[in-house]
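Below is one structure, written out as structure tokens; the observations come after it.
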Ligand code: TMP
């Protein structure tokens, strides 16, 4: 039984997760907690290599099942190498995406369905569930425009091509969006839905409120 607290952030590309994770980590650090922060895919040496295969638009021919398997391969490594040891040591782990992303993107977006994803989750993640999931869903149009703009900038600055998902059609993202809503409805105790085009400060406030509440009710943190 893990003694730490596991928090995940979820949302469409361009939902502002990265900014919010930085602010949440700074907030926790100011309170004397040293959060372990990671992202998926990525977060370990082999995970970073898997990320390159998954996000590079030259990998466009990756089949949906391959994509899902690689997401879980990355996750299994992150759990073994980073997440579980940190939770066992009583730490707070903040993860940018987890299995809800696979359910939304591969289950919903790629139309594999939730059941397969949840079965694999049970098998591969050994029942590890976040204590709290913050689901950021600003309006559909705003998220997508931001994600596409950001990737053009990142590619220009670093030469890295992480466009494969963002070049998907709007219909794909609609399905991802709907699946995220379905997850939030199904698991209201775990998932806090932060909707609408709120300011960065407003989203941060809502996140802090939920996290503070959860830190009080969750297992003790050393
Ligand atoms: P991000 O690091 O900018 O959030 O990008 C990761 C991309 O990978 C994003 O488009 C969502 C996608 N993704 C999946 O499709 N399934 C998953 O399980 C995960 C973790 C990410």
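Every residue, even glycine, has its Cβ placed from backbone N, Cα and C.
Predicted, not measured: the structure shown is a model, and the values here were computed from it.
These features come from TrEMBL:
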- 11, 12, 13, 14, 15, 16, 17, 18: ATP binding site (BINDING)
- 9-207: domain 'Thymidylate kinase-like' (DOMAIN)
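Overlay of TrEMBL annotations on the structure.
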residue	record	CB count, 10 Å
11	ATP binding site	25
12	ATP binding site	27
13	ATP binding site	19
14	ATP binding site	21
15	ATP binding site	23
16	ATP binding site	22
17	ATP binding site	22
18	ATP binding site	13
Based on a Cβ-to-ligand 1 distance below 6 Å, what subset of the binding-site residues 11, 12, 14, 15, 16 would you report?
none
Roughly where does the domain 'Thymidylate kinase-like' (9-207) sit in mean pLDDT, to the nearest integer?
91
Which state, by DSSP, holds residue 12 (ATP binding site): helix, strand or coil?
coil
